Amino acid sequence: MTILNHTLGFPRVGLKRELKKAQESYWAGNSTQEELLNVGRELRARHWQQQQQAGVDLVPVGDFAWYDHVLTTSLLLGNVPERHQNADGSIDIDTLFRIGRGRAPTGKPAAAAEMTKWFNTNYHYMVPEFQQGQQFKLGWTQLLDEVDEALALGHKIKPVLLGPITYLWLGKVKGEQFDRLSLLNDILPVYQQVLAELAKRGIEWVQIDEPALVLELPQEWLDAYQPAYQALQGQVKLLLTTYFDSIGHNIDTIRALPVQGLHVDVVAGHDDLAVLNKNLPKEWLLSLGVINGRNVWRADLSSWFERLQPLVNSRPLWLGSSCSLLHSPIDLNEETRLDAEVKSWFAFALQKCAELALLTQALNAPNDAKLAELAAYSAPIRARRSSSRVHNAQVEQRLAAITSQDIERQLPYEARAETQRKRFNLPAWPTTTIGSFPQTTEIRGLRLDFKQGRLDGKNYRTGISEHIKHAIAEQERLGLDVLVHGEAERNDMVEYFGEHLDGFVFTQNGWVQSYGSRCVKPPVIIGDISRPEAITVEWAKYAQSLTEKPVKGMLTGPVTILCWSFPREDVSRETIAKQIALALRDEVEDLEKAGIGIIQIDEPALREGLPLRRADWQAYLQWAVDAFKLNAAVAQNDTQIHTHMCYCEFNDIMDSIAALDADVITIETSRSDMELLESFEDFAYPNEIGPGVYDIHSPNVPSVEWIEALLRKAAQRIPAERLWVNPDCGLKTRGWPETRQALANMVLAAQRLREEQV
C-alpha cells in the first residue's frame with residue numbers, strides 16, 4: 001500500500017505578510033474589496049503550488065481564512081450575530097470583518113465577537129455566539145469556491161472543515177442560557193449539504209477537524225459524536241482529525257464512529273502507535289502527524305523512519321503535519337542573517353512539507369540511498385545535542401543546586417507588608433500604572449534607527465533618556481504614587497528580554513498569525529539560558545534618580561517568556577522556565593542594589609500555559625509557580641514584588657495565584673465590572689490587589705464617577721487597605737491625550753476615596 005502525505009493547513013499570511021497589508025489597506029479605505037480578494041486568490045494559488053512543489057501529495061483547501069477559520073465556519077453555517085447582520089440577510093466579507101473587529105468599510109459598527117486562545121496555542125479564534133432557537137443555513141460558500149479554484153489549477157486536494165461538535169464546544173451562549181449541544185441537529189443539515197456539494201465535485205477525502213476529542217469532554221458531548229457522524233457518513237470519505245494532544249482516553253468513542261480514517265498528533269500526543277494501530281478498525285486509514293506544525297525545529301527523519309517502518313503494510317497509512325502549519329513561519333530560506341549552524345537546526349512550513357515528502361518516499365521504497373538521505377538530513381539536529389551553543393555547564397549546575405529555600409521569601413506576607421509600609425509610606429488607595437506608556441512614532445523611529453545603524457549608542461541612550469524623563473514628569477504632574485519608567489526602550493515584552501539573554505535567537509521573517517491581521521515573531525530558545533549582564537537596571541536607576549517617589553522595576557516573568565517563544569524540544573518546559581527564572585533572579589538582585597524597592601514581574605501567560613487536560617494541570621501549576629517564586633524570592637523583605645495578570649478566569653487556579661506570594665497583584669477587571677474579584681473574595685486572597693479600573697484597549701476616557709463606583713464595588717469584596725488603583729493593562733497602544741485624561745480621572749477618584757477616610 002502506497003503511503004501518501006498531506007498537511008493539515010498552511011500559513012495564510014504570506015511570506016511578506018501580504019494578507020495583513022491587504023486587510024489593513026482595505027479597512028483603512030485605501031484599496032477596494034476586489035483588490036483584497038485578488039490578494040487572497042494569489043496567496044492561495046501560491047501556497048498550493050509551493051506545497052505541491054515541495055512534494056505534498058494532497059494539499060489542504062479551506063484552511064485559508066480572511067480573519068479566522070472558526071469565524072469562517074460560523075459564516076458557512078449562517079451563524080451571524082444580529083448586531084452584525086446586513087439588512088437584507090446576505091453575508092459578505094464585511095459581515096465577517098464586523099464580527100472580527102467590530103467595524104468594516106460597510107455596515108454599522110457593533111461590538112466585535114469575543115476572541116480567545118485556540119486550544120493551547122498562541123493563535124486566537126473568534127468565539128461563535130449561540131441563541132436558543134436560532135436558524136442555520138449554508139450562508140457563505142468560501143470553502144466551495146476555493147475548492148473550485150484549486151481543482152481548476154489541477155491540484156490533488158483534501159478539503160478541510162471544522163467538525164460540528166468541536167464548533168459547538170468552542171462557542172458561547174448569549175442571552176437566555178440553554179445547552180448549546182442541543183443545536184447539533186440544527187447545524188448537521190448544513191454540514192450534509194456541504195459534503196454533498198464536495199461529493200459532486202469528485203472529492204474523495206474530507207479532513208473534518210475534531211480537536212475537542214483530545215479534551216476531557218463531558219459524557220453527553222462524547223455521546224453526541226455517534227449520531228452526528230451517522231448523519232454525515234456516505235457522501236465522501238471522512239478523515240476524523242485530532243491534534244494538540246493524545247486521544248487514548250476517548251478511543252472507545254472514536255473507534256465506534258462511521259468514518260473512514262483518523263489523524264492523530266504523534267508529536268504532542270503520547271499514544272502508543274502499536275496499541276493505537278491494533279485498536280482501530282482494520283479498514284480505517286491512519287494518518288500520523290509526525291512533523292511538528294507548532295515549532296521550528298528540523299525533524300529527525302531517521303528516528304521517525306525507525307519508529308514508523310513496523311506499521312507499513314499493516315493498514316492504509318498517511319503521513320502529515322501534527323497540526324496545521326498555521327503556527328509555523330513560512331520559509332527558512334528567507335533567513336539570511338541566522339548563523340549557519342543554528343539555521344541548520346530549523347525547518348519552517350515549506351521545509352516541513354519537504355520533510356514529509358522525504359520521509360514518505362523512504363517508507364514507500366526503502367533503499368540504501370534513501371536511508372543515507374534521511375541520515376544526512378537528520379545529521380544537524382543530532383549534532384545539536386552536543387553543541388556548545390546548546391549546553392552551558394554553569395547553568396545546568398546552578399539549576400541542579402536549587403533548594404526549597406531558594407523559592408521562599410524570608411518572611412511571610414504579613415510581616416513583609418509591615419516593613420514595606422514603613423519603607424514607602426504610601427497613602428490609602430495608592431495609584432500606579434501597569435508599566436508601559438504610549439509608544440509614539442518618535443519612540444519607534446528612535447529604536448529602528450538604532451537597530452539599523454543610523455543612530456549610534458550614545459545618541460540612542462540620550463533619546464531614550466528624554467522619553468523616560470518625559471514619562472516621569474507626566475506621572476509627577478498627574479499625582480501618581482508609584483511610578484514607572486514607561487518602557488520606551490522595549491519593542492515587545494518578550495523579545496526585549498530574549499535579546500539580552502544567552503540561549504535565544506531571533507528571525508527576520510519568522511512571522512506567525514496571532515489573530516486577524518496581527519502577526520507575531522516569537523524568539524526561538526535554542527539552548528541553556530543565562531544573563532550575561534544586567535538588562536533593565538540602567539533605565540530603572542535613571543528613572544528613580546528623577547523622582548523622590550518609588551519607581552517600579554519591570555520584568556517579564558519566566559512562564560510568559562517561555563509561552564511566547566518557540567521552545568527547545570530536548571528539555572522540559574519546566575527546565576526552560578527555571579533557567580529563565582534564575583537569569584531574572586539575578587536581575588531582581590541587581591535592581592535592589594540600584595535602589596529599586598518595587599519590582600513587577602509580569603505573568604500574563606501563566607494561565608494560558610495550562611495543559612489541555614485538567615488531569616495534567618497540577619504538575620504544570622506546581623513548576624510554573626515555583627519558577628515565579630525562584631525569580632522573586634531573592635528579594636529582601638522590604639522590597640515589594642508586584643505581578644500583573646490579564647485573564648478572564650481565576651476561579652480554577654486561585655490556589656496557584658495565592659501560592660505565587662506576590663505582595664501585590666494587578667488584574668484586568670474593568671470589562672467584567674469587577675466580577676472577577678469574586679474569585680479573590682471567595683478564596684479570601686490574603687495579599688494586596690490592584691483591580692484594573694479602566695479598559696486600556698478602548699480609547700474611551702472613563703469618568704471620575706465611573707472609576708469611583710468601580711472602586712467602591714471592589715471595596716465591598718476586598719478590604720480597602722489592601723486595594724491599589726490602576727488601569728487594567730499597559731498603555732503602550734494608547735495616545736498621550738487620552739492617557740493623561742484617564743489617569744487624571746483615576747487619581748482624582750482615589751483622592752476622593754481617601755478624603756472620605758480622613
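Just so you know, glycine gets a Cβ as well, placed from its N, Cα and C.
When E668, E705, E708 are compared with the Zn(2+) site residues H644, C646, C729 in Swiss-Prot, the one appearing in that site is E668. In the record from Swiss-Prot, residues R17, E18, L19, K20, R518, C519, W564, E608 bind 5-methyltetrahydropteroyltri-L-glutamate; the candidate from K117, K137, K422, K713 listed for the same site is K117. Residues I434, G435, S436, E487 are given by Swiss-Prot as L-homocysteine binders; from D590, D602, D616, that same site also lists D602. Comparing CA positions across the binding-site residues K117, E608, H644, E668, the one lying closest to D602 (L-methionine binding site) turns out to be H644.
Here the candidates are the recorded positions K117, E487, C519, E608, H697, and by Cα distance the one nearest E668 (Zn(2+) binding site) turns out to be H697. Note on I434 (L-methionine binding site): other Cβ atoms within 10 Å of its Cβ, all shown chains, come to 24. Reduced to three states, the DSSP call for I434 (L-methionine binding site) is coil. Burial estimate for the binding-site residues (R17, H644): highest at H644, by number of other CB atoms within 10 Å. For the pair formed by E608 (5-methyltetrahydropteroyltri-L-glutamate binding site) and H697 (active site, proton donor), distance between Cα atoms is given as 20 Å, rounded to the nearest Å. Across the residues annotated as binding 5-methyltetrahydropteroyltri-L-glutamate (R17, E18, L19, K20, K117, R518, C519, W564, E608), the widest Cα-Cα separation comes to 29 Å.
Here the C-alpha separation of I434 (L-methionine binding site) and R17 (5-methyltetrahydropteroyltri-L-glutamate binding site) works out to 31 Å.
Long-range C-beta contacts of C646 (Zn(2+) binding site), restricted to its own chain and to partners at least six residues apart, with a cutoff below 8 Å, comprise P604, I667, E668, D728, C729.
When the C-alpha distances from E487 (L-methionine binding site) to the binding-site residues L19, K117, H644 are tabulated, the minimum falls on H644.
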